[in-house]
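Feature annotations, courtesy of Swiss-Prot:
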- HIS206, ASP218, GLU278: Zn(2+) 1 binding site (BINDING)
- ASP218, GLU253, HIS351: Zn(2+) 2 binding site (BINDING)
- 618-627: compositional bias 'Acidic residues' (COMPBIAS)
- ASN147: N-linked glycosylation site (CARBOHYD)
- ASN150: N-linked glycosylation site (CARBOHYD)
- ASN848: N-linked glycosylation site (CARBOHYD)
- TYR350: site 'Transition state stabilizer' (SITE)
- 1-51: topological domain 'Cytoplasmic' (TOPO_DOM)
- 73-399: topological domain 'Vacuolar' (TOPO_DOM)
- 421-427: topological domain 'Cytoplasmic' (TOPO_DOM)
- 449-477: topological domain 'Vacuolar' (TOPO_DOM)
- 499-519: topological domain 'Cytoplasmic' (TOPO_DOM)
- 541-550: topological domain 'Vacuolar' (TOPO_DOM)
- 572-675: topological domain 'Cytoplasmic' (TOPO_DOM)
- 697-718: topological domain 'Vacuolar' (TOPO_DOM)
- 740-745: topological domain 'Cytoplasmic' (TOPO_DOM)
- 767-976: topological domain 'Vacuolar' (TOPO_DOM)
- 52-72: transmembrane segment (TRANSMEM)
- 400-420: transmembrane segment (TRANSMEM)
- 428-448: transmembrane segment (TRANSMEM)
- 478-498: transmembrane segment (TRANSMEM)
- 520-540: transmembrane segment (TRANSMEM)
- 551-571: transmembrane segment (TRANSMEM)
- 676-696: transmembrane segment (TRANSMEM)
- 719-739: transmembrane segment (TRANSMEM)
- 746-766: transmembrane segment (TRANSMEM)
Amino acid sequence: MPLSTGLTLSSLNVMEKADNHYNMMTKQPPALSPVDMVSSRRGFNPIAFTPWPVTILSSLVYLAFIIPIIVVHHLVPPAPKESPEGVDLKEAWHDLQHLTRQYHPYNSHSNDEVHQWLLKRIHAISASSSARSGDTTGPDIFIFDDNQTNLTFSSVGVAAKSITGVYFESKNILVYIRGAEDDQEEWWESPDGEPSGKGGVLVNAHYDSVSTGYGATDNGVGVISTLQLLKYFTTPGHYPRKGLVLLFNDGEEDFLNGAYAFSQHPLSKFTHTFLNIEGAGAGGRAVLFRSTDTEVTRFYGNTEHPFGTVLARDAFQLGFIRSETDYHVFDGVFGMRGLDVAFMEPRSRYHTDQDDARHTSIDSVWHMLSAAIKTTEGLVSYTGDAFDGDNGNDGKLNNGAGTLGVWFDFYGSSFAVFELNTLFGHSVALLVVAPLLLIATCVTLYTLDKMYMFSMYTYLSESGGQVSLYGLRGLFRFPLILGISTALTIGLAFLLMKANPFIIYSSPYAVWNPSALHRAYAFTWMFGMMWVLLVIATVYQKQHGIASSYFIVFYFAGVSIATWISYLELFGLPTTQDYARRQIRITDRTPSSDSRLLAPSADELPPSGSAAGHDFNPEDVEDEEPTESTSLLRGQQRTTFANYASARSNSDGNISTNASLHPKDHRLEQRWSINLISSAWILQFLFVAPIVIILLGQLGLFLTSATYQIGADGGSQLVIYVGIAVLSVLILLPLFPFIHRFTYHIPTFLLFVLIGTLVYNLTAFPFSHSNRLKVAFVQEIDLETGKNQASLVGVEPYIHDIVRTIPSTTGKEVSCISRGYGGRAKCSWDGLKPRVVDAPYKEWITYNISQAKDDKHTRFEISGKNTRACKILFDSPIADFKVLGSVTDERIPHTGPKGVSEIRLWSRTWENTWTVDVEWTKKNANRQGKVMCIWSDDNDLKVIPALDEIRNFAPAWAAITKLRDGLVEGSHSFKL
């Protein structure tokens with residue numbers, strides 16, 4: 001809703017009144033527009049450039065396009081009442097409820113239960129599919145419970161933080177549905193086996209949740225959608241032509257571990273394309289987040305309700321979105337080509353206890369499932385060569401080379417996909433052709449003596465007499481008011497950032513800011529402004545592969561056409577010479593103190609059928625009632641060449657303002673404007689407004705949904721507010737050339753809306769039960785000293801309000817620090833003792849450190865009770881490490897140029913003992929750090945009392961999530 005509309009319209013009204021005052025003082029000739037002639041002689045014109053048609057039609061067009069965009073964005077298409085062939089929605093919903101009964105992170109006993117349940121469901125679906133088909137022509141189904149694979153790798157290329165080494169043991173489940181055209185041999189049984197023929201398709205969904213969320217959308221819906229894909233593609237009539245691999249991976253939440261482990265499975269050499277289904281919200285529509293190329297994106301376009309824009313991919317590429325999904329591994333490590341489809345809002349429920357089945361719907365399930373079915377069906381049915389062949393990437397799959405693409409949906413029902421090179425080509429063409437076309441039009445107008453724009457005067461060729469054209473009037477009004485209104489809009493963004501920065505968290509649409517500008521020269525200024533933006537966009541398209549500037553191409557195209565129409569209108573005007581002659585004759589017949597009481601000569605009369613629109617008739621100017629100042633010889637006035645100076649003076653003087661010929665709406669415009677086409681404005685408006693509303697409206701809503709709650713994670717709120725302010729101006733910009741024709745009703749209404757929303761935004765509390773502020777929990781214990789600190793990390797000042805409600809902080813010192821937490825503060829206090837291990841602190845971890853004889857290597861042996869996740873942290877980075885029994889992959893380096901500062905150890909076995917050999921750097925004089933184990937299972941009450949206490953006593957507007965992999969961290973310090 002508008003925040004700055006009232007301010008903008010006020011500035012517009014001031015400018016308009018000042019301009020009108022100037023016109024009256026200078027006695028500018030009034031305009032007589034064709035619509036006035038039509039209105040007075042032929043009746044009402046419903047599309048004339050007059051206040052009511054402009055107000056009504058413009059408002060209807062905006063409402064007609066904006067309302068459906070908002071509805072589509074927020075309402076999920078309903079699921080069918082009867083399940084389509086090959087799927088069972090009731091079964092899917094029941095599976096989701098079962099899957100999300102408990103938190104099930106990798107480091108929890110419930111994760112093992114989910115693993116076993118998935119195996120049973122997969123076997124049951126496979127068995128029922130065989131029984132259902134009743135024939136032997138169905139595809140072969142192979143189920144792999146991967147409890148053998150392990151891998152050592154590092155965080156290089158995953159996050160821009162300190163280098164972290166990882167050892168992980170797989171608990172992945174894979175299902176291979178053999179395609180009709182696949183190799184019929186079980187090639188994976190051979191150690192050196194290689195698939196033959198065309199590559200297959202991978203569908204991936206991770207089945208672990210975070211320790212503080214039930215994982216309904218992250219990633220329960222993805223898991224049960226993948227189960228339904230198994231049912232669908234083993235149903236007669238839907239058998240795949242190319243092989244389909246369904247990967248249920250474990251450990252995604254902790255470091256994309258399951259996807260990395262898949263690299264060691266033989267089937268990773270078979271899949272050339274992929275679909276990753278994920279969740280970063282808690283319901284709504286599933287969004288196409290990313291795609292590797294144009295060719296694979298076209299298969300997503302087959303879905304019934306596509307939803308997404310290339311803006312998301314560019315945000316990942318530019319680093320605005322810092323979180324990662326398994327897409328990163330499949331694309332970056334394997335070189336597969338595919339798609340990333342995920343839920344994205346509301347972020348306030350993401351990774352919290354509200355990510356449950358209660359807060360999603362069967363409609364959301366169907367939206368993701370239907371997209372997965374159509375996309376996968378297209379991929380497994382494709383038999384071309386687009387995804388096969390050498391691509392020049394050594395060490396990666398030979399799956400052909402794709403082209404960068406551009407994509408966006410239209411109202412969630414159709415999908416546009418084309419190559420970035422196509423966008424670049426059109427951008428260059430528009431940059432060249434549009435200015436040349438306008439220049440050619442201007443040259444033609446000058447040649448025909450009809451270029452009224454940019455001209456203040458014209459001079460009669462036969463006498464040198466000067467007549468005012470007022471062609472420069474309003475030239476600088478557009479940039480002036482654009483600058484003022486934009487500054488006010490952005491100023492309000494800074495005001496909100498200062499006074500109530502998190503109001504967008506619960507009220508994202510209360511901060512949207514429309515603007516209004518005047519029409520004079522507006523399209524010409526818009527043309528120049530959009531041309532500059534298109535130049536910048538074209539450079540980024542070519543040099544950085546940024547495709548989300550596609551809206552600028554369409555925007556500029558529409559503005560170019562509208563601007564050209566404005567120039568084409570000038571061809572309907574008389575030449576400036578004819579206009580000047582007529583003005584002098586009319587002026588000579590107008591009473592003034594220095595009028596000559598002479599009649600015009602014959603050669604001074606305008607030609608018959610002149611461009612002025614009708615033959616000249618002296619009676620045309622004798623429509624006023626005689627007064628005491630009326631000349632007695634009014635019809636006999638004439639001007640000689642000697643009197644052109646006085647004629648020129650009077651051309652700026654008193655002119656008849658008979659209301660029947662000069663309605664009040666146009667009385668102050670240039671007289672020559674009577675020949676402009678009154679209804680041309682509607683063409684200009686329709687060329688610009690609809691496409692801008694659709695493209696920028698969808699982009700604006702997408703951007704708002706993706707970012708309005710990132711402030712809880714330490715993201716900059718100012719960037720969001722300024723972004724919304726800029727989008728507001730761009731979306732309302734098509735109204736600027738016409739806004740002066742609006743009646744006062746809409747500006748007045750929006751002024752009141754401005755006042756109301758501004759007061760609300762400055763005073764309302766930004767959080768609520770449905771839009772909770774996320775704060776992150778961790779409990780850190782020094783197992784040697786027994787020091788026990790519970791901590792919450794969140795944005796200030798609200799984190800202090802939350803901490804004060806916790807009973808165990810009463811009368812105790814609470815320490816808060818803000819450095820190193822990305823715009824958030826960490827508040828710590830003496831916490832309640834956890835019961836994750838039924839033993840004294842010193843017995844929670846068993847470890848041994850032995851120094852090698854060369855003084856360059858050290859062996860660590862570490863094990864923790866009731867856990868399968870431990871760490872070794874070093875105060876100074878080490879050069880290298882090796883976990884006994886592990887493998888490495890040259891595609892995935894396990895160390896980096898600056899060494900490793902942390903080693904994370906994950907085992908599928910509880911209370912496992914890891915043996916880690918560490919190589920120190922030459923500079924490692926300070927060989928000290930910590931051995932640590934973590935506990936993440938919070939399904940049993942009273943296991944982590946400090947967390948239970950926070951959940952019980954924190955305000956209803958606060959939500960608890962995890963800070964790191966473990967909810968409880970126990971550590972011993974070491975120094976060598």
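Glycine residues also receive a Cβ, built from the backbone N, Cα and C atoms like all the rest.
Ranking the binding-site residues GLU253, GLU278 by how many Cβ atoms sit within 10 Å of each one's Cβ puts GLU278 at the top. Taking every listed stretch (478-498, 520-540, 719-739, 746-766) in turn, the largest tally of C-beta pairs under 8 A with the transmembrane segment (551-571) is reached by 520-540. In this structure the C-alpha atoms belonging to ASN848 (N-linked glycosylation site) and HIS351 (Zn(2+) 2 binding site) are separated by 36 Å.
Other residues of the same chain near the Zn(2+) 2 site, with their Cβ within 8 Å of the Cβ centroid of ASP218, GLU253, HIS351, are SER209, VAL210, GLY213, GLY215, ASN219, GLY279, TYR350, ASP355. Rounded to a whole number, the C-alpha distance linking TYR350 (site 'Transition state stabilizer') with HIS206 (Zn(2+) 1 binding site) is 15 angstrom. Shown in sequence order, ALA205, GLY215, ASN219, GLY222, GLU252, GLU253, ILE277, GLY279, ALA280, THR325, ASP326, ALA342 are the same-chain residues outside HIS206, ASP218, GLU278 whose Cβ sits within 8 Å of the Cβ centre of the Zn(2+) 1 site.
Stretch with the most C-beta contacts under 8 angstroms to the transmembrane segment (676-696), considering only 52-72, 400-420, 478-498, 520-540: 52-72.
Helix first, then strand, then coil: DSSP counts for the topological domain 'Cytoplasmic' (740-745) stand at 3 helix, 0 strand, 3 coil. Beyond the ends of the topological domain 'Vacuolar' (697-718), by six or more residues, the same chain brings 65-66, 69-70, 73, 284, 287, 308-309, 311-312, 315, 321, 344-348, 408-409, 493-494, 497, 501-502, 504-505, 508-509, 512, 548, 551, 724, 727, 731, 771, 773-775, 794-795, 821-824 to within a C-beta distance below 8 angstroms of the stretch.
Recorded stretches compared: 52-72, 400-420, 428-448, 478-498, 520-540; the one with the most Cβ pairs under 8 Å to the transmembrane segment (719-739) is 478-498. For the topological domain 'Vacuolar' (541-550), same-chain residues at least 6 beyond its ends with a Cβ under 8 Å from one of its own Cβ atoms are 309-311, 313-315, 317-318, 404-406, 408, 420, 423-424, 427, 695, 699.
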